[in-house]
């Protein structure tokens, strides 16, 4: 996962405690329904590219949340083990998002 910004679990806890993180769970809807981090927005990685290119009103209508801004700080993508989080981080970077990262998992990729 070299080259992709990562956030350790202690860093994530600190960001969450201070309200300075925007979490996006990029697992499938079924996986997220089984449990996710409170306050996280579920956008499956398969939908992420089109979601991040939507107009803000369309994004709001589909995801019932404000669309992330390209310069939002601490936009953090996560999945179960890291592979989809890395994919999402790289996708966001390619679309011009600058304040992103992925949760660094203690285990390997999924």
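Just so it is clear, glycine is given a Cβ too, placed from its N, Cα and C backbone atoms.
Curation does not apply to TrEMBL; its annotations are automatic.
The annotation active site, cysteine persulfide intermediate is assigned in TrEMBL to 79. TrEMBL lists 17-104 with the feature domain 'Rhodanese'.
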Within the domain 'Rhodanese' (17-104), residues counted as helix, strand or coil by DSSP: 34 helix, 14 strand, 40 coil
Integer mean pLDDT for the domain 'Rhodanese' (17-104): 90
C-beta crowding around residue 79 (active site, cysteine persulfide intermediate), within 10 angstroms: 25
